[in-house]
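Peer 1: Sending over a structure as structure tokens; questions will come in a sec.
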Amino acid sequence: MEGADLAVKLLSTWLTLVGGLILLPSAFGLSLGISEIYMKILVKTLEWATLRIQKGAPKESALKNSASVGIIQRDESPMEKGLSGLRGRDFELSDVFYFSKKGLEAIVEDEVTQRFSSEELVSWNLLTRTNVNFQYISPRLTMVWVLGVLVRYCFLLPLRVTLAFIGISLLIIGTTLVGQLPDSSLKNWLSELVHLTCCRICVRSLSGTIHYHNKQYRPQKGGICVANHTSPIDVLILATDGCYAMVGQVHGGLMGIIQRAMVKACPHVWFERSEIKDRHLVTKRLKEHIADKKKLPILIFPEGTCINNTSVMMFKKGSFEIGGTIYPVAIKYNPQFGDAFWNSSKYNLVSYLLRIMTSWAIVCDVWYMPPMTREEGEDAVQFANRVKSAIAVQGGLTELPWDGGLKRAKVKDTFKEEQQKNYSKMIVGNGSPNLARD
């Protein structure tokens, strides 16, 4: 009995500290300064570790820095220029060398598939999972690493799991209860309160440090918020500073439970991407939503999949066909403190959450950008590309024209055929003058 009483006392003390020092302040959007102190200590520790690594292994550091900019020196010249030095006037067998070189470049390091894996770090951040290119340096650095493991797994992980459990449970219970109320301004207010409070608690469970910029451009009701997509926690990051009606793919497991609970209290739109009828229904729902200027702004991730936060890939045009005002948002995570990217083909949601909960922290910057509307004579694709370019520039991300769907699908034959057509046009164009002279 004494052991049971002691366990109960420890548990009650733990929950009291969590509730008083973290839960209540986060629910009201306040901070007691604990996170700031933790981040200052963490920054100093990582800076010291970086200096020790650079001092202990200068050659390795130099090699890593050079590798971070690319394995190969890629030839970005167009086909016409690339072939001009290899050929005469007509087709020559030597053209094979150009296409072989391009193929080898794609095999060694293409610019698409590397966006679907975690970003490589220039300097080790004392996490075991990123210790690929960094070896033993010194006893002091090893002791700091061991201490970090103990802190992350024995203190931070239990604390974060407790906060996450409370936040997710309150979200599911709160939205389910609010969903039973009839449609009214009271229901909308309670729904926003539940979403905002629970998202703030969940962000604290990740030791989230978020810097919001240009708050005067925050998405307004009746508008459409579009952002680059790295992880499901993108939603938490944005919903901590304001409420949204969300649009996204239907999921199973824990994510599915959360989605089904949330949609009861707020007009979120969940759909199955493979169903054509779902796409038409989503378009109709979105048009009806933006027509009502009293409804929450819609949050959409036009890439349609998670990218590793080094680039912005093709925006699907559907979000830009329905009209309305677009509020672009750029989200940039700092990988030095923890990898926010969700590789859904490798980790399920629970495994992913455990990975980021055993990281140091989630640190990111959010830039709200001036609203954008479709210009006269501009089609949906051009508008989507213009918004994508603005987000890429603001977030310091690489802009890529490729479809994020290549993460799971094969390259379409049309891409290959396009290259073949371009080459054929070159042959015909170069050959016709010769025929004329003959």
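From the backbone N, Cα and C atoms, a Cβ is placed for every residue, glycine too.
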Peer 1: Of the ranges 73-78, 229-234, 373-378, which one does Swiss-Prot list as motif 'HXXXXD motif'?
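Peer 2: Motif 'HXXXXD motif', as annotated by Swiss-Prot, spans 229-234.
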Peer 1: Between 14-34, 350-370, which stretch does Swiss-Prot give the note transmembrane segment?
Peer 2: 14-34
Peer 1: If I look at Swiss-Prot, which residue among Ser68, Ser207, Ser344 would I find recorded as phosphoserine?
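Peer 2: Of Ser68, Ser207, Ser344, Swiss-Prot lists Ser68 as: phosphoserine.
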Peer 1: Summarise the motif 'HXXXXD motif' (229-234) as counts of helix, strand and coil residues per DSSP.
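Peer 2: Helix (H, G, I), strand (E, B), coil: 2 helix, 0 strand, 4 coil.
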